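Colleague: One structure follows; several queries about it will come next.
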Amino acid sequence: HEERVCPKILMECKKDSDCLAECICLEHGYCG
């Protein structure tokens, strides 16, 4: 399967749109 494109940068988030590229906002409050 295709991997999501997600830069390995620790970014805080409240929702997926706070994150770069195809990262999603994970339960611990950071993009991944």
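Note: Cβ is positioned from N, Cα and C throughout, glycine not excepted.
Owing to the predicted nature of the structure, the values given are computational and were not obtained by experimental measurement.
As annotated by Swiss-Prot, disulfide bond applies to Cys6-Cys23, Cys13-Cys25, Cys19-Cys31, with the evidence given as similarity to another entry.
Give me the local environment of each listed feature.
Modeller: DSSP assigns Cys6 (disulfide bond) to coil, not to a helix or a strand.
DSSP assigns Cys25 (disulfide bond) to a strand. Its own atom aside, the Cβ of Cys25 (disulfide bond) has 18 Cβ atoms within 10 angstroms in the protein chains shown.
Residues near Cys19 (disulfide bond) in space but far in sequence (CB under 8 A, at least 6 apart, same chain), listed by position: Cys6, Met11, Cys13, Cys25, Cys31.
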